[in-house]
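J.: One structure coming up, written as structure tokens, with questions to follow.
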């Protein structure tokens, strides 16, 4: 037992405690919001019906799954952070085919969740829990693209190399777009652009790419987007055209946020406004209704603090691969946060993107912690481990500095 506590103590001395605490605090706040949604009269049937009660609070299946996902994710993050990220990235040839293979399986065996029109889920036999392979694909893409950018080196801006990078970046975008999951596809695009920009790709190439996208929009709209995807954008522009579905969601989400005013309606009085998927895409609105502007401000500040800490760790990385891994996770969290909050305040169409650490979603939460584990691995394995190494890092011109103790 002494050795176990000693190992735990050593881990917390080595790891970035601030990032870990921020992520745990975000999950705790998210679980509180999920508990609040479970009490709504609109959440008492089907998959959101109460399984049992604790201290008078209804606990539904999604709450149980989310708690399990958080615990599993924390364990996975701790395990991964103890492995040198160089060893993890060296296994890209195993990780990438598994992620792509699971994505391909969704084309044949994929199911929807009842709330979406895409077949993006695989159901785990025996336990009936859904898993979204596109979440794992994010981690696989960040790993492989980090290696690709690092290996590009001084040839980064060569035309042929840029073409190969674009092809690499568009593979996950295409795989997800074929499912009809335009929200996740947009997140992949953001990750790709952020990592390319950070690596030092010249601005003129971004201008060329943007010009090509603008030219391709009419073709993309006509021949690529499915009818339900087009409907999402049209309803975003004209919410009154679908007052009972997507239009209802955004209108009521905005109403919930407004009703909370400064300090919110409280746990008892919230939940009276009908809002489908309040526990997933619209958890931000639940925070606004229950805890008001102050509650949403705290939520945003937690996520901003996590993002800033990841950027700090990126700057501490011992090599470019470690830095790119952190940038990839930063871009993932940034994109999902921006899109999700945008959906809640009617600045973005409803495209099914969860709010990191807060929205209900087992596969989303657990794979987010996989990414956090990678970031913590960069932190742990980029730090000098001994007194001599610390002094050498501070005074690189000196080859030998004696310990004064």
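Glycine is no exception: its Cβ is also placed from the backbone N, Cα and C atoms.
Note: TrEMBL annotation is automatic and uncurated.
What TrEMBL lists as transmembrane segment is 65-83, 90-110, 122-147, 159-178, 184-201, 206-224, 291-311, 323-351, 357-380.
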J.: Might you confirm whether the transmembrane segment (65-83) is in contact with the transmembrane segment (323-351), defined here as three or more C-beta pairs under 8 A between residues 6 or more apart in sequence?
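T.: Between the transmembrane segment (323-351) and the transmembrane segment (65-83), contact is absent.
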J.: Does the transmembrane segment (90-110) reach the transmembrane segment (159-178) with at least 3 CB pairs under 8 A, where each pair is 6 or more residues apart?
T.: yes
J.: For the transmembrane segment (184-201) against the transmembrane segment (291-311), do we get 3 or more Cβ-Cβ pairs below 8 Å once near-sequence pairs (under 6 apart) are dropped?
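T.: These two segments do not touch.
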J.: What parts of the chain pack near the transmembrane segment (357-380), using Cβ distances under 8 Å and only residues at least 6 beyond its ends?
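T.: For the transmembrane segment (357-380), the sequence-distant neighbours (Cβ-Cβ under 8 Å, at least 6 residues beyond its ends) are 14-16, 19-20, 23, 26-27, 29-30, 33-34, 62-63, 65-66, 68-70, 72-74, 76-85, 88, 129-132, 135-136, 138-139, 142-143, 279-281, 283-284, 287, 299, 303, 306, 310, 313-314, 316-317, 322-323, 325-326, 328-329, 332-333, 340.
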J.: Need a quick answer: max count of Cβ pairs under 8 Å to the transmembrane segment (122-147), which of 65-83, 159-178, 206-224, 291-311 is it?
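T.: Checked against 65-83, 159-178, 206-224, 291-311; highest Cβ contact count belongs to 159-178.
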J.: Grab the same-chain neighbours of the transmembrane segment (206-224) for me: Cβ-Cβ under 8 Å, and only residues 6 or more beyond its ends, written as numbers and ranges.
T.: 166, 177, 193, 196-197, 230
